[in-house]
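In Swiss-Prot this protein carries:
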REGION    1-75  region 'Disordered'
COMPBIAS  12-35  compositional bias 'Polar residues'
COMPBIAS  59-75  compositional bias 'Polar residues'
REGION    92-118  region 'Disordered'
COMPBIAS  98-118  compositional bias 'Polar residues'
REGION    143-189  region 'Disordered'
ZN_FING   208-233  zinc finger
ZN_FING   244-268  zinc finger
ZN_FING   274-296  zinc finger
REGION    287-331  region 'Disordered'
REGION    479-524  region 'Disordered'
COMPBIAS  479-514  compositional bias 'Polar residues'
MOTIF     531-534  motif 'YPX[LI] motif 2'
REGION    558-586  region 'Disordered'
COMPBIAS  567-586  compositional bias 'Acidic residues'
COILED    626-654  coiled coil
MOTIF     655-658  motif 'YPX[LI] motif 3'
Amino acid sequence: MNYNIHPVTYLNADSNTGASESTASHHGSKKSPSSDIDVDNATSPSSFTSSQSPHINAMGNSPHSSFTSQSAANSPITDAKQHLVKPTTTKPAAFAPSANQSNTTASQSYTQPAQQLPTQLHPSLNQAYNNQPSYYLHQPTYGYQQQQQQQQQHQEFNQPSQQYHDHHGYYSNNNILNQNQPAPQQNPVKPFKKTYKKIRDEDLKGPFKCLWSNCNIIFETPEILYDHLCDDHVGRKSSNNLSLTCLWENCGTTTVKRDHITSHLRVHVPLKPFHCDLCPKSFKRPQDLKKHSKTHAEDHPKKLKKAQRELMKQQQKEAKQQQKLANKRANSMNATTASDLQLNYYSGNPADGLNYDDTSRKRRYENNSQHNMYVVNSILNDFNFQQMAQAPQQPGVVGTAGSAEFTTKRMKAGTEYNIDVFNKLNHLDDHLHHHHPQQQHPQQQYGGNIYEAEKFFNSLSNSIDMQYQNMSTQYQQQHAGSTFAQQKPTQQASGQLYPSLPTIGNGSYTTSGSSHKEGLVNNHNGYLPSYPQINRSLPYSSGVAQQPPSALEFGGVSTYQKSAQSYEEDSSDSSEEDDYSTSSEDELDTLFDKLNIDDNKVEEVTIDGFNLKDVAKHREMIHAVLGYLRNQIEQQEKEKSKEQKEVDVNETKLYPTITAF
């Protein structure tokens, strides 16, 4: 509040009383610009202090006494600053207008709820204003109305959400406030927001109904529905029926191009033809898939690359394992044959050739029947049994007993396992390994010659068994003598309880290079051992010079050195472990493949020009041919027995039997 009052105004107040009255009357008719005073200045205690107060008269109308005459408790401002409690105003008897007051004054006090403020800064300068006794009666009402206006402004600014509610009671009693209150406004209508339903699994089962405007056609698949929308409803510019506004359930979407409206139609059709390669999600439009793919590229690029690398490694491992299994299955016949040969190479058991019965041969060779048949037919061709079987079919040799006798004599002469048969079987074995058959030779019916072939290969098998037994016996005798000769010096060396350590001589220090190191190790007359000793002091004598530092090194390791590895190697090892790639895995796989427990590198033993390993292979081949021939003989005998039974049955019956179809 501004309480600074110019003193000249109070000095001229008593002398110019008439002028002040004329001024008051003048302002009663027309409001001067000086009447626009602040509320704080107008409602100050000094402005409302009456000149009729006895306290002011006692002080001699002093401005200082008028400034301090009223206390702050009687001011209407303090009433406004207190809690809002609506006071109950009672009109006393003095509220009625007195006789000495004019009618204008009474009407002015009743018609104006808020009385006009004085034009001067102090009420003692305006006699008309000071002569109104009803001012203090209306003053609390004025303060209460001002307080209501302030509270209304406070509620309008601080509580905007309550301005549309209709308050009863307090505001309804104040007609002055309700006159200026605006009518409540209704909420504006928001535009309709388009929402699209998500496609569920049930939506993809159909049937699918066209909801374009008044069309009610039903389709079985969403693809046909989409084609119907594009062709019939959207149309084409060339057909003069192009429609770029979507009428699906009053969608109302309008586009500029036909491609845009056809792409928009996928939103309504439950069709998701665009699939993500990195996750199982599918999308209706290609732009949706493109937007989705960015999430994979931005969020998890490293994880995706790592997952792809791991997937590639897993696929490579599975492919390698499948390839290894296929190779093992393809070579199962050779592996089983080699294992049997390795067990029976040097056993010397005379019953080895008799342990191959028909059931074991069937079980061994049924896994790769094509290869077995090729081997058997090749062996029979080499021993001229195929030609002999075809001989009766040739017209030039039919009935010629000389050719049959010649072949029989040649067979009988070749039944012994000699060096010629050994070379022939070796040549055949090499041919089978280098030239694998592409197709199987057809089985041929040998007729009566199959018995001759079985007899020939049976005698040849017995001859090979005898040869193999004699050779294995000779090898065991030689091997036993060599092992005894090797064990004898070993036993002599083991007579000493503890082995002696080599020492280094004094005269070995003059050598240089590799001879110097050899002298350090091989000289046994010295006093220094060939192995390093940690922190051993060297002897010093006046006649012998101090030993050079090279004497302290043994293979690059010093006697004062605790570790021969540097710390850099450790760091390199850790980096190599981090950079572990598929190439290292391949190397490990190859190393593990080489760690097979087999005796492939068996030393070759040759006795009298026969290789013991080749003889074992030849024995297996002849046994295979012999087993095949025996199976053929059994089948022929079974067929003959069946035919004989049918003939016997037909001869015993007098009348033929009629069978029903």
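Cβ from N, Cα, C; glycine included.
Long-range neighbours of the zinc finger (244-268) within the same chain, counting only residues 6 or more positions beyond its ends whose Cβ lies under 8 Å from a Cβ of the stretch, are 194, 196, 211-213, 226, 229-230, 233-234, 236-237, 284-285, 287. Secondary structure of the zinc finger (244-268), assigned with DSSP and counted as helix (H, G, I), strand (E, B) and coil, comes to 11 helix, 3 strand, 11 coil.
Mean pLDDT for the coiled coil (626-654) in the predicted structure: 80.
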